[in-house]
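S.K.: Sharing a structure, written as C-alpha cells. Questions coming.
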Amino acid sequence: MDAEHFPVGFFRWDQRPAPVVAAAAAPTTTVFNKDHGRPLEVILPMNGRKDLKSLEDLFKEYGVRYVTLAKMTEMGFTANTLVNMTEEEIEDLMKTLVELYHMDLLIGERYGIKSAIRAEKKRLQDSLEMQRLEILSEAERKRILHDDQNTFAAAMASEGTSKELRANDPLIFPESTSADHAPMNIASCKDSTLILQNSNQAQFCGSGLIGVPEHSSESDERKADTNKQKRRRSKEPGEDGEDRPREHPFIVTEPGELARGKKNGLDYLFDLYEQCGKFLLEVQRIAKEKGEKCPTKVTNQVFRHAKHNGAVYINKPKMRHYVHCYALHCLDSEQSNHLRRLYKERGENVGAWRQACYYPLVAIARENNWDIEGIFNRNEKLKIWYVPTKLRQLCHMERSKECQ
C-alpha cells in the first residue's frame, strides 16, 4: 500500500527531521533518535493522535496491526464509535477496508477487532452494574441505619410516655394515686377509648389519657369496600393470563420456633433445600439406570422431578431466591441464628432479613481470598447449588474497592 495515505506518526522509523514551517503550524512530539543520540521532532496530526491512542487502548493485545488502526483512524472512527456499533456494522467496516481500500486483513485481525469491541462492551456493562449494586447496597445500609434510629427513638418515647402516664393518671395506674392527683373527668376527652386502634390517629388528652377519634360508619364502610377491592384485585389473573406473583409465605422465626398462621418459618425453608438434595439423588439414580448424563447440581430437571412426585411447594424461583440464606445457615450457623433473632425482635419482614444475609457471606469470601465458588464447592450441602449472581457481583465489587 502507498504510505503517503497514513499519518507520519505511525512510521516511527522515519528519521527525517520535520520542516520548520510545518512544525510551527502543527503540534510536535519528541522521539529519541538512537543513531545520532539527539531528540527528533515528528509531526502528529491535530485530531488523529488522540483518537489513535484510544484505538490503541481498545485493540491492545488483540493482534490488530498499526496499519489497520491508521486506516480506521483516517476513516474517522474512534473507540467510542466502534463500541457503540452493532455486529453487522462491524462487518460492513471490515468489508469496506478490504473491498474499497484493498487492505489485506488477517483472519486474526478480523476476530481481534470483534473480540476487542465485545470485551469493551462487557466491561462497560459490568461497570454500570457494579455502580448500580453499589448504590443499592448503600441505600440498604442507610435504610437499616434509619430503621435502627427510629426503633431506638420509639422505644425512648414509649418509655417516657409510660412514666408520665404512671405519674399523672391515677385512673389508669391506681397505685400512683395521691391527694394531688384527683380522678380526671373522662368526658373532657371527645372520645374516651383507651385501646389504640390506629397509631396515626391517636391523640393525647390534657391529662395523659389517649383519645382515639371515633370512626363513623361511613368510613368503616369505605374501608371495607377498599379491602374487598384489594382482595378481588389479588384474585384476578395478570395481563398475560397467569396469576400475579405473590409474596413467598415465610416469616422471620428464631431457630426451633414454629410459625403460626398461614406463613411458614425459616426452619421449614431450610428443610426445603434438604429435600431438594434428596430429589437430586433420585434424579441421579434414574439417570444412571437409563445411561443418561447425571446432573451434579439442582437444575430444572430436579424441580420437575419434585413436582412430579407431589412436592409442588418446591419451585425454582423460591429456591433460587433464598439460596444465599441457606448458604449462610450452612457455613456459619451462629451468625445465621443471630440474624434471625435480631430481625425477629425488630419485627422485620423476610425481605429485609434476606438482604442482610449477603454481608456475612461477603466477609466469609474475603477471608477465603474471594473464592466464593470454592466455598460453595467445598461444602457438602452447598456444592449442589449455583452461586447467586448478586452474591458474586457483591464480592467482585468489594474486592475492587480493596484493590483501589
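Each Cβ is built from the backbone N, Cα and C atoms, and glycine gets one as well.
Swiss-Prot feature annotations, pasted as is:
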REGION    210-251  region 'Disordered'
COMPBIAS  215-228  compositional bias 'Basic and acidic residues'
COMPBIAS  235-249  compositional bias 'Basic and acidic residues'
DNA_BIND  246-250  DNA-binding region
SITE      Lys293  site 'Interaction with DNA'
SITE      Asn300  site 'Interaction with DNA'
SITE      Arg304  site 'Interaction with DNA'
DNA_BIND  315-322  DNA-binding region
SITE      Gly351  site 'Interaction with DNA'
DNA_BIND  386-389  DNA-binding region
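So where do these features actually land, and what's packed around them?
M.R.: Secondary structure at Lys293 (site 'Interaction with DNA'), as computed by DSSP, is coil.
Counted within 10 Å of its Cβ, the other Cβ atoms near Asn300 (site 'Interaction with DNA') come to 9, all protein chains included.
In three-state terms derived from DSSP, Arg304 (site 'Interaction with DNA') belongs to a helical segment. For Arg304 (site 'Interaction with DNA'), no same-chain residue lying six or more positions away in sequence has a CB closer than 8 A to its CB.
Over the DNA-binding region (315-322), the average per-residue pLDDT in this prediction is 88.
Secondary structure from DSSP puts Gly351 (site 'Interaction with DNA') in a helix. Within 10 Å of the C-beta atom of Gly351 (site 'Interaction with DNA') sit 13 other C-beta atoms, taking all shown protein chains into account.
Cβ atoms under 8 Å from those of the DNA-binding region (386-389) belong to residues 297-298, 320, 323-324, 372-373, 376 of the same chain, restricted to positions at least 6 beyond its ends.
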S.K.: Restricting to the chain of Lys293 (site 'Interaction with DNA') and a gap of 6 or more, list residues whose Cβ falls under 8 Å of its Cβ, or answer none.
M.R.: Ala287
S.K.: Cα-Cα separation of Gly351 (site 'Interaction with DNA') and Asn300 (site 'Interaction with DNA'), in Å?
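M.R.: With distance taken Cα to Cα, Asn300 (site 'Interaction with DNA') is 25 Å from Gly351 (site 'Interaction with DNA').
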